[in-house]
Structure formats: C-alpha cells, structure tokens
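Per Swiss-Prot, these features apply:
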type	residues	note
ACT_SITE	H98	active site, proton donor
BINDING	F32, A66, L67, E68, C90, I91, I92, N123	5-amino-6-(D-ribitylamino)uracil binding site
BINDING	E95, T96, R137	(2S)-2-hydroxy-3-oxobutyl phosphate binding site
Amino acid sequence: MQDADTQTTIFGNTVAELVGENLRIGIVQARFNAALTDRLAQACLVELELLGVSAKHIEHVSVPGALEIPIALQAMARRKDFDALIALGCIIRGETYHFELVSNESGAGVTRVSLDHATPIANAILTVENEDQAWARVDDKGRDAARVAVEMVNLMEELS
C-alpha cells in the first residue's frame, strides 16, 4: 500500500503517483474555436511539465478542426516516437446535425487510432452545448488530458 504522499486523485479516484519523466508525448490541437483550444492546450502543457514531462519531449501540432485530429494522431502513432498522444479540440452545438456528426466521428476516430496502434490517447475534444460550458471546462479538461496520458503510459508499462 502506498502512502498518501505518493498518490494523486484523478476524476475522484486515488491512483499511484503519475511519473512523466522521459515520456514522449504528441499533441494534436484543432484550431477551430482557437481561443478555447489554445487555453485547453496551455492547461495541458503546464500540467505535463508539472508531471515531469520535458518540453523537448513534446511535439505539438495543429489541424483545422476536430475531424482532422484522428488522421494527425494516426500519423504520429505510426512513427512510434510517442509514449502517448493527446487530442485537443472543442465542438460547440449549433443549429444543425453537424455537431453530432463531428462529435461522433472525431471521437470514434481517436478511439480507433488508439486501439489500432496500441497507443494511449487522452481525448480532450470537448463537446458542449454552448461557449460558456466550454470556458467552464477548458482548464480542468486540459489538465485532465495530461494526467490521463501519463497515467495510461504508466499503466500500460505495468500491464506489459
């Protein structure tokens, strides 16, 4: 049993200490809703640094929108240069069916890349009803994405 000083809490659950040292992380950020995704990325990058991930081990690229995230993740995963990947985007409901299409397809694409390449991907593509909901979530979800990526790498190492 670990003592409380070596544990952290994610999503209300206590987990082993997250160790990001020497990890290589790839980040794909959608530029659509750029003010929001920039803030999401900023929170994610700060948290990765706090977890011990070196800035020189982070590759951060941008794509036009959420639907382009999976193919960029796939290109990164194929290179096998990364321990984990992070998807950052923000989809805000509009008046048409497009919200469901973009939300469902981008989410499914992220999952498929993760499974096809056995690479942990933290999915922080926000799907919200309005801009206020997005602003209320960007900092927490950016930090969570960093933590999820590091936790999943640590777990995958334990399981292999």
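Glycine is treated like the rest: Cβ placed from N, Cα and C.
Checking each of the recorded positions E95, T96, H98, R137 against E68 (5-amino-6-(D-ribitylamino)uracil binding site) by C-alpha distance, the shortest gap belongs to H98. The separation of the residue listed as 'active site, proton donor' from F32 (5-amino-6-(D-ribitylamino)uracil binding site), Cα to Cα, is 14 Å. The residue listed as 'active site, proton donor' and I92 (5-amino-6-(D-ribitylamino)uracil binding site) are 10 Å apart (CA-CA, integer value). Counted over all residue pairs in F32, A66, L67, E68, C90, I91, I92, N123, the record's binders of 5-amino-6-(D-ribitylamino)uracil, the longest Cα to Cα distance measures 16 angstrom. For R137 ((2S)-2-hydroxy-3-oxobutyl phosphate binding site) paired with A66 (5-amino-6-(D-ribitylamino)uracil binding site), the C-alpha to C-alpha distance reads 17 Å. Residues E95, T96, R137 are listed as the (2S)-2-hydroxy-3-oxobutyl phosphate binders, and the farthest two of them sit 23 Å apart at their Cα atoms. Counting other CB atoms no more than 10 Å from each candidate's CB, the binding-site residues T96, N123 peak at N123. Neighbour density around each Cβ, counted as other Cβ atoms within 10 Å, peaks among the recorded positions H98, R137 at R137. Cβ packing within 10 Å was compared across the binding-site residues I91, I92, and the lowest neighbour count falls to I92.
Among the binding-site residues A66, L67, C90, the residue whose Cβ has the fewest other Cβ atoms within 10 Å is L67. A coil conformation is recorded for T96 ((2S)-2-hydroxy-3-oxobutyl phosphate binding site) in the three-state DSSP classification, outside any helix or strand.
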